[in-house]
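Lifted from Swiss-Prot, the feature list:
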- Asn55, Ile56, Gly57, Lys58, Ser59, Thr60, Met249: ATP binding site (BINDING)
- 46-301: domain 'OBG-type G' (DOMAIN)
- 322-405: domain 'TGS' (DOMAIN)
Amino acid sequence: MRGIVTRIVLSTQKCLPSVNCTRRYYSKQKDISIVRQRLGRPGNHLKIGIVGMPNIGKSTLFQILTKTNLGNPANYPFATIDPVHAKAPVLDSQYELLCEIYQPKTRIPAQLTIYDTAGLTRNSSKGEGLGNAFLSNIRSVDALFQLVRAFPEAQVPHVEKSVDPVRDLQIIQEELLLKDAEFLESYLKKEGRSPKTCAKALDTARRALEVVLGKGRQISKAEWNDEQIPILNSLNLLTAKPVVYLVNMDQDDYLSDEQEALKGIKEWVEKNSFGDQVIPLSVLFEEQLFMLTPEEAAQECASLGKNSQLSEIICAGYSALNLIHYFTASEKIVQAWTIADGSKAPDAAGIIHSDFKKKFVAGEVIKFSDFEKYKSVDACKSVGKCKTKGKDYTVEPGDIIFWKIAR
């Protein structure tokens, strides 16, 4: 199967289609689904990092996405050294409707953990600049927002002395490929001498080395079988991580829908990172909206005929990590619970408390489309739209669930 190629829509939420390699196949003999392996660390507490060249707006975008204030980012390379992280709310129409109906005292949306990392430069894989530290930061995250600069600004110098988005994309990809090649060569040298190392692991590592070094391709864009993928996941290779490309455009070009700056970038992504999402934005425009009240920002967007891209960016990152969420709802609290797509009911319940998994009995599940139609739990129950599900149930995006656990 392909590593990370299948595009799917997760739900009726505002989250857009994104890259996901989990596929479900249905057995002809039994009414069960078989979930294929996917590249990436499995889990519910995954994180995404903003990466790119220095001086392209990474730290400013991070502060806007996470609503944090770390001071004005400096206009010189490596202003960010140690990675910082914060959570961004994943707001969607389902969550908003539940809050509108219940008017709860406490509201907790789904959240995406985002890391701001130092700028990557040419020869970082050889240790230049912040080289090794930067690449270690990338290794610690599970997906990438790759920000590329497409705006000219004399007061913000470019480390390569000129603005060329396609060149920057190529530099970053080459550095990540070289670092993966270095890691794989070291792994094969060390583990190849050990009689305890599985032959399949060595064969997979050799093929991965041929992919990144011989073919110059990302691990995520090669084909891998279900035996190879867990091995690759254990290696935590940089080019196995899903990527969402963000293009920081000149504000005037962005507001006027100027496509010239995007053309070369889209062509490069189509050729080198097929299937990955490209989202244009203006960090300067987003920063100006960030300084306004929500009402003022809405008026500004309406007058310009252009909306903020923050929600789309956050949802794209959430989706790239293969995350979904379900809801628990009452007059006291409406909360979205983040889980990995494909999670079974006991695992989803265990996100609330470990006892919910250990003492799992069942879950009463209402599909969001039914709740949206009937507007209350009692109304859904009266028409048979509240179903009792057992431990084999796969939780779906937007499910409203009431768990039953043993005493």
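Any Cβ shown, glycine's included, is placed from N, Cα and C.
Structural mapping of features recorded in Swiss-Prot.
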| residue | record | contacts (Cβ under 8 Å, 6+ apart) |
| --- | --- | --- |
| Ile56 | ATP binding site | Gly119, Leu147, Val148, Arg149, Asp168, Asn248 |
| Gly57 | ATP binding site | Leu147, Arg149, Asn248, Val283, Leu284 |
| Met249 | ATP binding site | Ala150, Phe151, Glu258, Ala261, Leu262, Pro280, Leu281, Ser282 |
Among Asn55, Ile56, Gly57, Lys58, Ser59, Thr60, Met249, which the record lists as binding ATP, how far apart in Å are the two most distant Cα atoms?
-> 16
Counting each residue once, how many in the domain 'TGS' (322-405) are helix, strand and coil under DSSP?
-> 24 helix, 34 strand, 26 coil
Averaged over the domain 'TGS' (322-405), the pLDDT of the predicted model comes to 97
